[in-house]
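Before any comments, here is the structure.
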Amino acid sequence: MKIKTAEFVISNSKVDHCPNSTLPEYAFIGRSNVGKSSLINMLTGRKSLAKTSAKPGKTQLINHFLINNNWHLVDLPGYGYAQVSKSTKKVFQKFITAYFKKREQMICAFVLIDSRHKPQPIDMEFMQWLGEHNIPFCIIFTKADKLKPKILDKNIENYKNEMLESWVEMPEYFITSATSKLGQDDILDYIEGINNSI
């Protein structure tokens, strides 16, 4: 898939205010500072479609982007160590879970994992929650360019082993680098394949 157009549509904190559309949606979510904004900009070929920040927890709203006029890319708030108050975190969690439970247009969630780190409990718990609620998801390993190939392979293998303790099989996953554009075609082709089948 080639991205010809990518337009910001709306930001909001309530699922009921999301676009009144039947277009398929693909949600991107992960721990704070996982490289989500950089990945979205890489996928769309736009340098500043999603705002990047060195400060974790910058994305605090549900952001919809219209891609090629036929699907929505949804940028969700990061979870984890976002530098926000506990009460704000609860609000995040509430509308994130509401989005996944209520938004029928949501076809697949892409859970971003920093490939440099060992499996994190918060990531495992979130994916477990998705599974328990029958929400389709894939894993995107980010920042692959920061590691030597052998270490990258080892880290991903660790994740596979961890996942297979609770899951029958490893979910679909992609290895990416916003710097080298590694994984760009694979993810976009995956989305295109789903769009063509629905």
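First residue shown is number 1, and so on along the chain.
Yeah, the Cβs are placed from backbone N, Cα and C, and that goes for glycine too.
Bear in mind that the values here come from a model prediction, so they are computed numbers and not experimental data.
Among the features that Swiss-Prot reports, GTP binding site is placed at 30-37, 57-61, 75-78, 142-145, 175-178, with the record citing sequence analysis. Under the heading Mg(2+) binding site, Swiss-Prot lists S37, T59. The domain 'EngB-type G' annotation in Swiss-Prot covers 22-197.
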Other C-beta atoms that fall within 10 angstroms of the C-beta of A178 (GTP binding site): 22
Collapsed DSSP category at V34 (GTP binding site): coil
The domain 'EngB-type G' (22-197) [mean pLDDT, rounded to integer]: 89
For D145 (GTP binding site): DSSP state (helix, strand, coil): helix
Cβ neighbour count within 10 Å of L61 (GTP binding site): 15
Which listed residue (S37, D145) has most other Cβ within 10 Å, given these are binding-site residues: S37
Cβ neighbour count (within 10 Å, all chains shown) around V34 (GTP binding site): 26
Count of other CB atoms lying within 10 Å of the CB belonging to G78 (GTP binding site): 24
S37 (Mg(2+) binding site) and L61 (GTP binding site), distance between Cα atoms, whole Å: 13
